[in-house]
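Working notes for the structure below.
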4 protein chains.
Amino acid sequence: MRRFPAHPFSPLDDPNFDGDKLKEECGIFGVVGVNDAANFVALGLHALQHRGQEAGGIVAHDPEQGFNSVRRFGYVRDNFTKAEVMKDLPGPLAIGHVRYSTAGSKGATAIRDVQPFFGEFSMGGAAIAHNGNLTNAAALRRELIERGSIFQSSSDSECIIHLMARSIQKTLAERIKDALRRVEGAFAIVAMTRTKLIGVRDPLGVRPLVLGRLGDNAWALASETCALDIIGADFVREIEPGEMVVIEDGKVNSSRPFAPAASRFCIFEQVYFSRPDSIIGGRSVYETRRQIGVELAREAPVEADLVCPVPDSGTPAAIGYSQESGIPYAMGIIRNQYMGRTFIEPTEQIRNMGVRLKLNVNRALIKGKRVILVDDSVVRGTTSRKIKDMILEAGAAEVHFRIASPPTAWPCFYGVDTPERAKLLAATMTEDEMRDWIGVDSLKFISLDGLYRAAGEAAGRDPKAPKFCDACFSGDYPVAPADKIAEGFEMKAAE
Amino acid sequence: MRRFPAHPFSPLDDPNFDGDKLKEECGIFGVVGVNDAANFVALGLHALQHRGQEAGGIVAHDPEQGFNSVRRFGYVRDNFTKAEVMKDLPGPLAIGHVRYSTAGSKGATAIRDVQPFFGEFSMGGAAIAHNGNLTNAAALRRELIERGSIFQSSSDSECIIHLMARSIQKTLAERIKDALRRVEGAFAIVAMTRTKLIGVRDPLGVRPLVLGRLGDNAWALASETCALDIIGADFVREIEPGEMVVIEDGKVNSSRPFAPAASRFCIFEQVYFSRPDSIIGGRSVYETRRQIGVELAREAPVEADLVCPVPDSGTPAAIGYSQESGIPYAMGIIRNQYMGRTFIEPTEQIRNMGVRLKLNVNRALIKGKRVILVDDSVVRGTTSRKIKDMILEAGAAEVHFRIASPPTAWPCFYGVDTPERAKLLAATMTEDEMRDWIGVDSLKFISLDGLYRAAGEAAGRDPKAPKFCDACFSGDYPVAPADKIAEGFEMKAAE
Amino acid sequence: MRRFPAHPFSPLDDPNFDGDKLKEECGIFGVVGVNDAANFVALGLHALQHRGQEAGGIVAHDPEQGFNSVRRFGYVRDNFTKAEVMKDLPGPLAIGHVRYSTAGSKGATAIRDVQPFFGEFSMGGAAIAHNGNLTNAAALRRELIERGSIFQSSSDSECIIHLMARSIQKTLAERIKDALRRVEGAFAIVAMTRTKLIGVRDPLGVRPLVLGRLGDNAWALASETCALDIIGADFVREIEPGEMVVIEDGKVNSSRPFAPAASRFCIFEQVYFSRPDSIIGGRSVYETRRQIGVELAREAPVEADLVCPVPDSGTPAAIGYSQESGIPYAMGIIRNQYMGRTFIEPTEQIRNMGVRLKLNVNRALIKGKRVILVDDSVVRGTTSRKIKDMILEAGAAEVHFRIASPPTAWPCFYGVDTPERAKLLAATMTEDEMRDWIGVDSLKFISLDGLYRAAGEAAGRDPKAPKFCDACFSGDYPVAPADKIAEGFEMKAAE
Amino acid sequence: MRRFPAHPFSPLDDPNFDGDKLKEECGIFGVVGVNDAANFVALGLHALQHRGQEAGGIVAHDPEQGFNSVRRFGYVRDNFTKAEVMKDLPGPLAIGHVRYSTAGSKGATAIRDVQPFFGEFSMGGAAIAHNGNLTNAAALRRELIERGSIFQSSSDSECIIHLMARSIQKTLAERIKDALRRVEGAFAIVAMTRTKLIGVRDPLGVRPLVLGRLGDNAWALASETCALDIIGADFVREIEPGEMVVIEDGKVNSSRPFAPAASRFCIFEQVYFSRPDSIIGGRSVYETRRQIGVELAREAPVEADLVCPVPDSGTPAAIGYSQESGIPYAMGIIRNQYMGRTFIEPTEQIRNMGVRLKLNVNRALIKGKRVILVDDSVVRGTTSRKIKDMILEAGAAEVHFRIASPPTAWPCFYGVDTPERAKLLAATMTEDEMRDWIGVDSLKFISLDGLYRAAGEAAGRDPKAPKFCDACFSGDYPVAPADKIAEGFEMKAAE
């Protein structure tokens, strides 16, 4: 999802202690066929909270009480667990959404950007929750406004509702297809009408969506399998790229509304976004990450005393690196578990503390040691510098960074919050320059081929037909980012 | 404004201690040409709080920061006075709205019904605040939805924004005209674009709207003159029925977008809605009400010891009645000034207290006395009965009710929250039956002619061309309530 | 109650739009013998809200669940009406307190100053609610601290709990007597143990306290009779000066713990503090105030067109003035009923609005008229000046102030929040100087004798044995203000 | 700290998803000699949040503005980071406290139990923050109440303030000594007067307290070294058992107010309470825990495919077990990082989810594997059973529990929240019975000697003079729990 700067209800920027991570912008979940479906959605969204921490919403439908909706800033556990809230969301069918990017906006206005979005159509209501980003949303929005649509949010996803409203199809499911054929970009969608739970993935399948089953008649759709686990649902299968499923009366009907295309799943889901206990493409995310560490140890060995993860995302790769290299694994950096969310309106003094509020060096362990630090990625490099400072101040003899992804040199336009290209360290420096800028004894990234191997492609990346979307590393964008190109973004020159 | 029951975000009902009053549903205010216009709007809305107590909103525009909006449940004094809120509403142009009828709705969803409404059009944004009710809104809404509009609120007023969106006019001011030519019913509107403050009254001028001036270049529009007083603005004139003013660059341009029609100002504004310190049609509202008491004393004299108002709305008429009759005026009923708003989620015990939470009899004064009680109106009659009980329990010898309006026998469809017809006491009983049902020694209403005389029409009401809208008393609806007729409402048979 | 500046938890000052009124500092209420006594206390406190608007507390006792307490900033109607709060206050015995002077303090610390205070003693718990002020509290507090007491609040009333703790009496009722024999000043007290409801008035009876009966076995104690009315209790009698009542098992036992003294009830309760529908000393407060207007019309007649009250406290005297003088009564100033409480953290602009937020002139009525304004008192005179400005700006021909109390020239040390003496207008100016400073055509105060006559003393004030405490007018303090004298306050020289 | 049931303001119990952990009840921190000391205290408390998650308080002293205090429920990061709060805590000297056990209490009353406690004495104010528990507090409290003290909280720690108030010593520092000589049990204390920062540990040194230095003149006292790290202070040394330090004018003065005794530091701080990046007794806590895993692998080897920690507390021991055994370390259970605090008022459905809200099995990894689970302790055993269920449901071939502490068979009376003895699994079952009850293939606890070895005592535990307090494992209580014995607690029979 993206924000449109012209809109009057623009959220503010937020001091961000997680500055050097890419942010997945959404998690989606839906369930049909259970009593109080919204309670299940709350649990599913809680399991998907890592995909969007700033706000969440649930829409439920009850045959008696119609559609109801609650949308709030903050964590699922704080907003969607109280009986007094959940009683307003009755019924056997519900969908929900957690999102990242409204950080720092306040009050009633920006709540408009929180999904699911709801529309009342002549044949009834429908709600929609979208993970991903539409690359032609700005153009669509301009066109729709000119034709008389009133946008209520600053979100690209709202286009889908307006395209549905203008479709001449007779059913809402057909109108969703109609609308999605007009949009470009990445979308995994969970939608609902009064009786149907609907799931769709874009033709390339950039964002994940899985199907789960709960007993005989109940079904769930979720961004990741970990959200099926929490409600006790069995993982049935992934929704396939370009597939639409319509679940009604306990039956799942599949169709293929789009022209066929080769799948390009986001490889960064494997590296960082997805939870390690999720299963993607038939593989454990944890195992892929551990294997990245194994590949890194082979590609970039170094003599050292300890392998330490930058917690928590570097942990599986650090375990793999240790196992492959034989260098002992150790918790050299301890994460303050009470820093799940950033401070709200901190004092100046606290704003300046930065990474120390979140991480502390295990001084007694580190002192005098040669330390390998394994992190998942380097975006701006700012946090890496601060961690290096902390480790050296604690008396480490040497510091070697090993990064579980290739250099992040290109922005993502498919649903990830990336800095503009000029702020990506790897867009302006070589690996050696980055090493010197961060100020460590060595810095090595896994190769793109190594990453593909860890992700199960024994032969590495096939440049003619890469199996994943790896645009953030390669600049090879599977869908042209039309709005961004119109704004002046320059694609990588053909080689 | 009206709510549409089909909408998923329906507000709940509210226990209402003011059960026997008609409720004006909105107050509107706008200002242009001052620094921090929103602060002036907050003051103006505070002065108009009696027109809508449940929620309020302000939209402001700043050349640098664009449009900003804050909408909240609760009083103006609690929401729009803090520096931390008002700093988010910068700029020299702002409009605002207070409303009644969202009582009891909760959370983020129903805030959608709080005005001003905002729309982003191809030529820029516009915000609109509406006092009144559109009698063809349901039909318009159906049509707009079929043509692809997505409604976000349950309010009739939102139609105006969608009609603007579909207009082919080139300027927003022209689009407002276009939209308003399509709607029927009562509307006083304050709207704004990036540079213009706009005011419009419907052709009959059912709802009030006045123009004020602040210094050389600043202008204000307000529902009542008391809101000009609070900001220190001079009252210039009323916006005329069917007039549209567009204020830009310190200039007021007037036009007449509608076919000419004879004015029919709401006479209940004189009786109850407007504040006594406002000036309407060149007359003091207070003086009109005092004169109603004088007329009542002439039409319905009775021997008694004291004339007591039912506070606070009966006070001016009671003063007039006392002055004309020579019977001493006294405060026989004391109002608890801390009951400005109803209790939120009261305990069962408190819910049953009803009127005693709000009013108390001045027992030492009343005991053994023949008391004339002057009230502004009788709607369901429930509160009148409770007041009579209190007065008798305190030992009054006789109780005589005198009512400063004719029997309320017909619902209002022009922006007032009236019970359905069957619940109006006067729709089913004669004056004598009402007297017996309430249980007082006598009960007299002012005649419709007497009311017109008090309002300055020396000859009383001309049935061929009545000067006011008095449909709630006469059943003579100046605009046919199309939606209601479609739902089955029966108009008064022609005589 | 008074604040002690040495305490670390000192509340802040509050911008105060009611600047020119003396403030009663407390209302107290207790009930025993009903189910859910706390609900009755909430209603009683709601009726006493005018005696203390900033905070309130209730302590209830249940045989099973022991003592429970809720104390909150804000109005009774907002804090003590929700089922979720009241369910925490079960049991047949409860007392409560509303207070004025913690305005502006924030957060958890200053809630410590909100009564009732509770103490756990070796023979069980007791709670106490105090209206009045102890004139030797500072000395007692120093002594108690030196002997090892830890004070938790900044309130003088807390001394009573510590004196009880150090008493060697065997019962809590005896310990209360013991404690109250040590204190000086004004006190009306409602207290409770596990089984007893206790009421006490100081020997002079400066502050009011009345006894009411509810059915056969239930009893209530209240600052004013209007609080008995709201719960439907019958007014039995006043607690007499120097009397202590202990209510247990449906029986009321009376005793006289103090040396006998002549009664000196606060005459300002008649003028302003008490509600007009209360009965004090067998007389209607409203009637006393109306009679003050009658006396004023006799003492200080003037030719004019209208008699207007400064709302709401000047209303009964204005009615009396009009009736005696024959000059028509009119509502020349309209009060905004949504200003019950002051704005919280207003913007600069709103802070500067002052009285205009609360009062507006009825311009059409006032224009060109000679106006008599009747107000209850003049303290600093600041509000009087602003009102005069408003009236003149609206075009009044003449403005005559008539004040329903004598010049307020001395501070109160018995439970009323008065400015220091130097800030009292009447302490430094003659009546003529005040007239010129305020800027009106004439200014007249009722005489002290006239006030006594209106209060039922046909012979006026007996300077040898005045029947009321009138120290604020006369400087004749019935109890020497020991703490204040120690701080340097100079008593009036003997004449 | 302990709660006294007789007090009327008793907090409620809280549904607790962390049911099978002992809870440290407090963390304390103080700093002197810096600008805005409270900001440093907030950071220190944030680093100590694991020691008390339910509430926190800070008292600061400024020469101009005296003592100020803020006490709140919830996390430090939510309460003590906003400029608007911190500006109320000015000055160069401040102390703070985080606590566990007020979970579930609500509103203003129970905030009374939140420390620091403050007392106003004849020679000035003092505030005190206490980690530990006084074993004779009930007897002291009874005595103090009989002598006239009024307790405001239900906390044992408040006794110290009242004992200080009754001391005849001339200085506050001497009064603290006086008071602490009267109490028994465990106490690490940080206190402050207007000019002094004071730290004390009980003679046995059961609870930790360390001294840090910040630049030349500023000093800090903290429960753990990790809180020195976060403010950038250097760790100077531990406060010794029985030592009192008084820091004033940049100087640290040490004294020994108590009779000498052999040190008995709490060994559970090593096992679980302290953060792994803290240094205790000259050793890294992390390293001690890793070494426990090494000892466990030696004492209780088993053939398996994976060693998995129960996150997060079992992690270091699992690393040690893996390293010693050669069995690969793996993240078989993933912790939901958004579960830092328990749900507030969850729905029934969510209440029943229990551990699944917090932990999820890495199914793809676990399936078909023989798994060793390493946890820090077993208290009731309830969570262990649920984890076993999850692991088996995910398809594990075998489950072996290895516990990084001996069986917890006795309650702690020195500041840890332990269930009563009958609810401790190890108090009623043998190791084999526990294995069967939990339902795993094997269950082994580290021996007490093994634990001592891991903690640096190469010879294991000397039963004549054990170096640690290990009462929870051994029943050997270094201070007799007088209050508990009076209530009927039976000590272990002498062997």
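Heads up, the Cβ atoms here are built off N, Cα and C, so glycines get one too.
Summary of the site annotation: TrEMBL records [4Fe-4S] cluster binding at B:Cys266, B:Cys469, B:Cys472. Screening the candidates B:Cys226, B:Cys308, B:Cys412 against this entry identifies B:Cys412 as the one listed for that site. Of the residues B:Ser313, B:Ser442, B:Ser447, TrEMBL places B:Ser313 in the same Mg(2+) site as B:Asp375, B:Asp376. The residues near the [4Fe-4S] cluster site, meaning same-chain residues not in B:Cys266, B:Cys412, B:Cys469, B:Cys472 whose C-beta sits within 8 angstroms of the mean position of the site's C-beta atoms, are B:Val206, B:Ile267, B:Phe268, B:Tyr414, B:Val416, B:Asp470, B:Ala471, in sequence order. Of all Cβ atoms in the shown protein chains, 27 besides its own fall within 10 Å of the Cβ of B:Cys26 (active site, nucleophile). The binding-site residues shown are B:Ser313, B:Asp375, B:Asp376, B:Cys412, B:Cys469; of these, the one with its CA atom nearest the CA of B:Cys26 (active site, nucleophile) is B:Cys412. The DSSP secondary structure for B:Cys472 ([4Fe-4S] cluster binding site) is helix. Within 8 Å of the centroid of the Cβ atoms of B:Ser313, B:Asp375, B:Asp376, where the record puts Mg(2+), the same chain has further Cβ atoms from B:Lys21, B:Val271, B:Tyr272, B:Pro309, B:Val310, B:Gly314, B:Ala317, B:Val374, B:Ser377, B:Ile403, B:Ala404. DSSP assigns B:Ser313 (Mg(2+) binding site) to coil in the three-state reduction, placing it in neither a helix nor a strand. Cα spacing between B:Cys472 ([4Fe-4S] cluster binding site) and B:Asp376 (Mg(2+) binding site): 14 Å, rounded to the nearest whole number. Taking the binding-site residues B:Cys412, B:Cys469 in turn and counting surrounding C-beta atoms within 10 angstroms, the largest count is reached at B:Cys469. The two recorded residues, B:Cys266 ([4Fe-4S] cluster binding site) and B:Asp376 (Mg(2+) binding site), show a Cα separation of 15 Å.
Sequence-distant contacts of B:Asp376 (Mg(2+) binding site), defined by Cβ-Cβ distance under 8 angstroms and a gap of at least six in the same chain, are B:Lys21, B:Val271, B:Tyr272, B:Arg289, B:Val310, B:Ser313, B:Gly314, B:Ala317, B:Ile403, B:Ala404, B:Ser405. Residue pair B:Cys412 ([4Fe-4S] cluster binding site) / B:Asp375 (Mg(2+) binding site) shows a Cα separation of 20 Å. Long-range Cβ contacts of B:Asp375 (Mg(2+) binding site) within its own chain (separation 6+, distance under 8 Å): B:Pro309, B:Val310, B:Ser313, B:Gly314, B:Ser384, B:Ile387, B:Phe401, B:Arg402, B:Ile403, B:Ala404. The 10 Å shell around the Cβ of B:Ser313 (Mg(2+) binding site) contains 20 further Cβ atoms across the protein chains shown. Mean model confidence for the domain 'Glutamine amidotransferase type-2' (B:26-250) is a pLDDT of 93.
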